[in-house]
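Quick look at what Swiss-Prot lists:
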- His371: active site, proton acceptor (ACT_SITE)
- 14-17, Lys28, Gln81, 86-87, 110-112, Gly149, Glu163, Asn178, Asn236, Arg341, Lys359, Tyr374, Asn385: UDP-N-acetyl-alpha-D-glucosamine binding site (BINDING)
- Asp112, Asn236: Mg(2+) binding site (BINDING)
- Ala388, Asn394, Tyr395, Ser413, Ala431: acetyl-CoA binding site (BINDING)
- 1-238: region 'Pyrophosphorylase' (REGION)
- 239-259: region 'Linker' (REGION)
- 260-491: region 'N-acetyltransferase' (REGION)
- 460-491: region 'Disordered' (REGION)
Amino acid sequence: MTTQPAVPAAVIVLAAGEGTRMRSATPKVLHPLGGRPLVGHALRAARGTAPEHLVVVLRHQADRVREALAGDFPSVLVALQDDVPGTGRAVQCALEALPADLSGTVLVTYGDVPLLSSATLQRLAGAHAAGGNAVTVLTALLADPTGYGRVLRDGTGVTGIVEQKDATAEQLAVREVNSGVYAFEAAALRESLGRVGRDNAAGEVYLTDVLSLVRAAGGRVEALALEDEWEIRGVNDRAQLADLAAEANRRTLRRWMLAGVTIADPATTWIDADVELAPDVTIRPGVQLHGTTRVATGAVVGPDSTLTDVEVGAGALVERTHGSSAVVGEGAQVGPFAFLRPGTRLGAEGKIGTFVETKNATIGRGSKVPHLSYVGDATIGEHSNIGAASVFVNYDGVNKARTTVGDHVRMGSDNMYVAPVTVGDGAYSGAGTVIRKDVPAGALAINVAPQRNLEGWTLAKRPGTPAAEAAQRANDESTGTTASTDREIQP
């Protein structure tokens, strides 16, 4: 049966638990999955239903969680759970943060269920409204229901839910489980919660007790069965986190492949939830794309590259590169074995080559830093070339300074640029030049001292070494002298 979407009056996300099985100083709901904290996934799904009110319930390290959510969820209401334990008490605390006259559908979900979708929450709200239910519970049939509350039924429908720790042997055999996600009629929820006690093995206020109370009062309790069990899976420990992360990544990769992206080896590719890829992008094996990375059409990334918050232009090639907070222009080439640090901006058709590190540097259109160089705190104009083994010396131990290189510049290998310094348009430099002063446009910079050859130095200073023996042979050959055949050659 197709149900029409319904806008909930409120969505409550429960995120107050300590998560002791994670064995972590970080609150469980802040552990990342696919580039977002667990609770971030839950809040995005909740926000996707367009509720009138969105509430998150916090307790453990509440200030830390609140701070982490402030940027992406500035309008979410935060309710703090007191020392009374249990999901029922958490929902009571959320209701206290909402208008007293709230009416309509209230959805309740959890901050550690990252794959639950907005579409499923909308289906739940729609089924709840269409059935005129007081409570609608989201359920699933699991081959192994261990750890989940069991859904109890009779011939008339759902009669209640029993937590595993309180279940009888007969009830433990039930495979239909409670997802912990509900739709409630607001008034019925308020009234029933006020009558829930703590007479159970854990001494907690169970939200599940509301179902039997509502049913006893004549309210309609129904279930919406979910076929995709991954959507209801929660995170209690690191093993479950890894399982859910792998499934989330598999779904992300499939979504991009169906959208026209080539992913050569899904088994070695990880793409965060907020990454954007255009059609005809190619992702080679061993690639990780994190944060808000954007890759434009026709670009090739990989193999063996990790990009975080990097923008890659159309037709660019980025191979065996580690980059963060950088921009790679259209048709540009990066790598192999390049390191793009924050603030790197490579222009169209430019090149950052093998064993090159860049930081806070702008490299203009068509300019190249082909190999074995460090470019930090620099601006390089268009169509310039930086020779191999060049170092932009930007730090004097106290302050950092900037180097500016103009257009159509040709700099020699093994140059050092001691900032602050400017190299004018069309300038050249010789190999091994240390540039300490500005170079005028069109000038050749060269400051290498004349070469001196100290003849006979090796024979005089390193006698008996293989180098001395080789030098002696060369000298003998050049003068026509026949070397002694019984001379011992050092190994």
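Just so it is clear, glycine is given a Cβ too, placed from its N, Cα and C backbone atoms.
For the region 'Linker' (239-259), same-chain residues at least 6 beyond its ends with a Cβ under 8 Å from one of its own Cβ atoms are 22, 31, 33-34, 114-115, 230, 233, 266, 269-273, 277, 279. All protein chains considered, the CB of Glu163 (UDP-N-acetyl-alpha-D-glucosamine binding site) has 20 other CB atoms within 10 Å. Each of the binding-site residues Asn236, Asn385, Asn394, Ser413 was ranked by the number of other C-beta atoms within 10 Å, and first place falls to Asn394. Glu163 (UDP-N-acetyl-alpha-D-glucosamine binding site) falls outside any helix or strand according to DSSP and counts as coil.
The binding-site residues listed here are Leu14, Ala388, Ala431; among them, Leu14 has the most other Cβ atoms within 10 Å of its own Cβ. Separating the Cα atoms of Ser413 (acetyl-CoA binding site) and Gly111 (UDP-N-acetyl-alpha-D-glucosamine binding site) is a whole-number distance of 56 Å. In space, Gly86 is the closest of the binding-site residues Gly86, Asn385, Ala388, Ala431 to Asn236 (Mg(2+) binding site), judged by Cα positions.
Each residue contributes its Cα atom, and for Leu14 (UDP-N-acetyl-alpha-D-glucosamine binding site) and Asp112 (Mg(2+) binding site) these two points are 9 Å apart. The 10 Å shell around the Cβ of His371 (active site, proton acceptor) contains 19 further Cβ atoms across the protein chains shown. All protein chains shown were included, and the count of other CB atoms within 10 Å of the CB of Asp112 (Mg(2+) binding site) stands at 27. Of all the binding-site residues listed here (Gly86, Gly111), the one with the fewest other CB atoms within 10 A of its own CB is Gly86.
The number of other CB atoms found within 10 A of the CB of Gly17 (UDP-N-acetyl-alpha-D-glucosamine binding site), across every protein chain shown, is 22.
Looking at Ala431 (acetyl-CoA binding site) and Gly86 (UDP-N-acetyl-alpha-D-glucosamine binding site), their Cα atoms lie 73 Å from each other.
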